[in-house]
């Protein structure tokens, strides 16, 4: 009698085989295979397809082990090596699945994404589909829940999302030539967009290759979508405090693991966002979609009050939005009439903006590099202390290298200063009110026990621009001899100029006030403070300062102004520091870590990445430890988020700092994983 059909108590048969259960998701069918532990994964899939006997392309399918939350992608590995036994339940499922992506402009698109790829690779493929360069700056985020609202039914959530759905077909990752452009920079790249209005220079079929997107409206991703109704804005989640902002950052996906491993389901809605606030090589010729989506992310951050700005700044941002909305409507009609001469003029005008936004260096010839410029002027200085009513005191201040020396008078400047401030590593915050002629600079200077707070008050815009630019450079360890100093001064002056009120508002024609919708241009805080007519008048006054800008220039100016805000580029996390008893905030920016007061957001202490020796994570107790020069050691536990997210932010910024324009190769994925994945 044959023994091969006799089943033993352990589930194995007498001949050494055992039954493996596989669920085929496409057919919703369970299949049982007789296998041994020596059968490799590829052999299991072959047996499965033969047994199914269904004529179908199975090439995209792979085995997924639900219990272990892992893909079995190494087809040469045996079942024994994978640790699979008779009790394992496997799924045979497509690797590419549908995902609903909310873009930075808040619109949804349906995309097919590889659920078995690491998220970093999946985002790179998504960005190729959308023709967005530098995908390393973006990532995927789970949708934050509004804690102030009761749990809603899924149907209610879906109906809200449908109002923001982009029309058009399913977007598939394509293989057209447009996607083969290098991830970093290439001197041989052909301009893809008109630098004047951001529309494609080539026909859409060539622009998007064979992608399904070419069947719809590819230009939609490069065109700003105005907020259509105040009701949509009112329904959206607005963080009420810094702690709410910090909780939003719980949702960042792990870039080193796949979507399936992180429990992302097919057709789930995820947010595609610029994660790292370090934008490299922004170029209007190639980056119309990238610039527009960056502008949209900045716009929504202001409207939803995710970032603070002054009243004058909000009116300036509203005026730029109004201008961009008007020009976006005109773009499709006027694009064919643009001459090459116009594009050349805009190229020249935008060159400074490109340099500023990418953080690069100018090509201007330096002057005498042996002499470092200095500033010397009367400045009012204030050192706030508890239980004191003393105000600003005027000093003769000289700014040399990265230090400010304060003297009681100009005549005493050859002697010993009354105060000396070393600004290397300090926090620099503007406090400006144009109409009130207030031009203050707040400095938080690192000392052994924390931060010393110093305020500088300037007399006028010109003085403020020079001293503010010098302070910003000094905080990074740079002097006024740096080639970016003059450009920084000009950018500050231009930022202030855009906030000026027009002296003669009667010049605004009555007929154009009707197309301004202030409820969709300013944040709710200012809507509550003023009547709609008052806001409209102020927006139109501010619009006269930007009315001559081209579409792309206006978007670039908006991004640049966003970057100038004190809170820009800081990602917050709730943390408990070693030795501390209460919860505080840790802020991560492109160049530093900031310990912050959870209620006020004030910086308690700052540490620069340039002084960092190493950082590591104790995965058992979830503690992040960062070591700096001078034996400084920082340890904290993240209370509301996996410490892996914080670890990835630090490593991600270190990775981005290694980028250079002379690199022609594609992204070094392995280097990114080494810096961010950790020992999980």
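Cβ coordinates are placed from backbone N, Cα and C, and glycine is handled just like the others.
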Range annotated region 'Disordered' in Swiss-Prot (choices 141-162, 163-184, 185-206) is 141-162
Of the ranges 40-81, 82-123, the one Swiss-Prot annotates as region 'Interaction with membranes containing phosphatidylinositol phosphate' is 40-81
Checking 214, 363, 666 against Swiss-Prot, the one recorded as phosphoserine is 666
The mean pLDDT across the domain 'PH' (380-476) is 91
